[in-house]
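To start, the structure itself, in structure tokens.
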Amino acid sequence: MEGESKGLIVGISLGLVIGVVLAISALFCFRYHRKKSQIVNSGSRRSATIPIRENGADSCNIMSDSTIGPDSPVKSSKNGRSVWLEGFSKRSNVISASGILEYSYRDLQKATCNFTTLIGQGAFGPVYKAQMSTGEIVAVKVLATDSKQGEKEFQTEVMLLGRLHHRNLVNLIGYCAEKGQHMLIYVYMSKGSLASHLYSEKHEPLSWDLRVYIALDVARGLEYLHDGAVPPVIHRDIKSSNILLDQSMRARVADFGLSREEMVDKHAANIRGTFGYLDPEYISTRTFTKKSDVYGFGVLLFELIAGRNPQQGLMELVELAAMNAEEKVGWEEIVDSRLDGRYDLQEVNEVAAFAYKCISRAPRKRPNMRDIVQVLTRVIKVRHCRKRQKNSPSPSPRLPPPPPIVEESEGELTANGSLRSEIHRRDNSLDSSIAEDVIL
């Protein structure tokens, strides 16, 4: 009996020793294979192509296979994979279904001269001017790889702009999701942003007439998003730097990274947008609606009127002017001094009064974008009629028939010399196209 007990104890002890040895061996093998896998991943990352910001005549022809360093835009997560590539493969098929063309990293690297043609810096990354192999000039936005929302915003822009087409929206041509980089390729807007024309001394001040035209263009773009798109889309970040101007000074709404379809997640945990343009109702309720875009558009209207940035006390001036608006002198006090008195005061008062409705604290009191388009259209039509009447001679039976009227020169239509022909062209075609909203 005693011998059997000793044998049992020896057997159990031997089993435990063997179990411990096997466990240690398994752990050692696991750590060995994991370390080997990390070395392989590290080697593959080192072969990634990165931009060389090199100046010189031959910089467009230089390609780099350099090792990724701390200054590279390619960031890696703790597990060794590129942050941008985490989960992207699961959605790549969805993006392809949008119909937007996919470009290779190497083609964009060459088109931007190794990313040396910087033309702007947005909230989500740098923007480069690029000349494609076809000769087409485009804008390439490289989304910042250290942005936690970057990939989500990339997905949003591709999916939305893949189905949204309107002459007052910036057209997305293609995208690139390769080598840890996410890039968006847009139609190149040669005149830059509205903000640059309002605040940069490099540009002549925009005439009042052109400012109203720009406001109408933006309103039409937003009207399409709210009422023409299916399902409707809320932009959520209307501001002067997100309004781009083409060669003919037609305004287009850009940057849809924060946009959402109206049917999806109206409630947001975090406040997103730009200070100065944010709807107070959205700030308090965390819920964004079409009327949130209307509020942002109202701020943009006052920005066009006053030539002042909302982050530099614009709305405080607006509230002070509104107190005196009943005496018909309030709104004149905030008009951009760069206009040098070249504006119709009655028109300014009408636009400003309507802009004030757009920023009402109560969303239900704000107009919708369709109402805004109609009001701005009427303002321009009335202006057009006034100009025609001003150019027409007063009938007088006592005088001989007046000589033929000489058409007013384009130079007298606006103080903006470089923009005169566009204003003249728009005025002449107003009767046939002012209410037309073509969807490309």
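Just so it is clear, glycine is given a Cβ too, placed from its N, Cα and C backbone atoms.
Since we're looking at a predicted model, the values are computed, not measured.
Listed in sequence order, D255, G257, L258, S259, R272, G273, T274, Y277, G296 are the same-chain residues six or more apart from D237 (active site, proton acceptor) with CB atoms under 8 A from its CB. The annotation active site, proton acceptor is assigned in Swiss-Prot to D237.
Counted within 10 Å of its Cβ, the other Cβ atoms near V127 (ATP binding site) come to 18, all protein chains included. According to its DSSP assignment, V127 (ATP binding site) is in a strand. Swiss-Prot lists I119, G120, Q121, G122, A123, F124, G125, P126, V127, K141 with the feature ATP binding site.
Annotated compositional bias 'Pro residues' per Swiss-Prot: 394-405, in sequence order.
Non-local contacts of Y186 (phosphotyrosine) by the CB criterion (under 8 A, 6+ apart in sequence, same chain) comprise V138, A139, V140, K141, V170, N171, L172, I173, A254. If you look up Swiss-Prot, you'll see Y186 (among others) marked as phosphotyrosine.
According to its DSSP assignment, S241 (phosphoserine) is helical. Spatially close to S241 (phosphoserine) yet at least six residues away along the chain are G122, S193, L194, A195, judged by Cβ distances under 8 angstroms. What Swiss-Prot lists as phosphoserine is S241.
DSSP assigns T274 (phosphothreonine) to coil in the three-state reduction, outside any helix or strand. Look at Swiss-Prot and you will find T274 tagged as phosphothreonine, backed by similarity to another entry.
Residues or ranges marked as phosphotyrosine by Swiss-Prot on the basis of similarity to another entry: Y282 (among others). Residue environment of Y282 (phosphotyrosine) contains 22 other Cβ atoms, counted within 10 Å of its Cβ in all protein chains. When secondary structure is read from DSSP and collapsed to three states, Y282 (phosphotyrosine) falls in the helix class.
Among the features that Swiss-Prot reports, transmembrane segment is placed at 8-28.
Around the Cβ of I119 (ATP binding site), 15 further Cβ atoms fall within 10 Å across all displayed protein chains. Of the listed recorded positions Q121, T274, the Cβ environment within 10 Å is emptiest of other Cβ atoms at Q121.
Across the structure, Y282 (phosphotyrosine) and G125 (ATP binding site) are spaced 26 Å apart at their Cα atoms.
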